[in-house]
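What follows is a short report on a single structure.
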Amino acid sequence: MKDAHVRIALLCGAVGGPLFALTAAVAGATRADYDPLRHPISSLALGEHGWTQTANFIVCGILYTVYAAGLRPALKPGRGRLWAPVLLAGWGLGMIGSGLFITDPVSGYPPGTPDAVTDPTTTGTLHDLFALPVFLGFPVLCTIMTARFITERRIAWTVYTAVTATSFLIAFFASGAAFAQQPGLVEFGGLLQRLTVAIALTWLTLLALSTRRRSLRHQAHL
């Protein structure tokens, strides 16, 4: 991949997170009967205007898949040069799949649906399966990149990435308990999931920008 194409791919990674967050925030704020504090992001794909969140998943998933294609050539040989892009591609493809297969209703949205999923549909099950490389792959990606940053003696990125992985897992399991209707958490399931996603999107965006900057500096010294 040419250097210019690598930098464009990394720019896609920098754009994907803010675009996803902004689109979901606008949809959540304008959807009748939808409570961003309680309901998951995926539930925005349900109902009359659900196509906006479906498109959000797919478009941003494509951006992250392109990002993954540019990450490998942008990284110098070393730990994680193979598996970091693979896991990032899994994140992107997981988002695409989550868009193609709509989630089952949970926590009472849309109105009239049960709080808990008792009889999952095929599409809902596939949606959850595609979410696995997103929510389980990300902490593995962070672990791999933490090891890489240690070998590169990038202390700030080492600490930030380790904290990101830890806080992501805590928020993820808390949101999972909320959507399982755990008393005391269920009212804040949407907020906890948004915190989980924000932690990941921020790290992915900053990694794209940092890697792109390093690529530009390297090119300038050639």
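Placement of Cβ uses the backbone N, Cα and C atoms for every residue, glycine included.
Checked against TrEMBL, the range among 11-30, 51-70 recorded as transmembrane segment is 51-70. Taking Cβ pairs closer than 8 Å, the transmembrane segment (191-209) reaches residues 10-14, 16-18, 20-21, 24, 36-38, 40-41, 64, 67, 88, 91, 135, 138, 142, 145, 160-161, 164, 167-168, 171-172, 174-175, 178-179, 185 in its own chain, all 6 or more past its ends. Counting residues 6+ beyond its ends, the transmembrane segment (157-179) has Cβ neighbours under 8 Å at 40, 106-107, 135, 138-139, 142-143, 145-146, 149-150, 185-189, 192-193, 195-196, 199-200, 202-203, 210 in the same chain. Beyond its flanks by at least six residues, the transmembrane segment (82-102) meets 42, 45-46, 50, 53-58, 60-69, 71-72, 75, 123-124, 126-127, 129-134, 137-138, 140-141, 144-145, 148, 204 of its own chain at Cβ-Cβ distances under 8 Å.
Sequence-distant contacts of the transmembrane segment (51-70), counting only residues of its own chain at least 6 positions beyond either end whose CB sits under 8 Å from a CB of the stretch, comprise 1, 5-10, 12-13, 15-17, 19-20, 23-24, 27, 41-42, 44-45, 85-86, 88-89, 91-100, 102, 204, 208.
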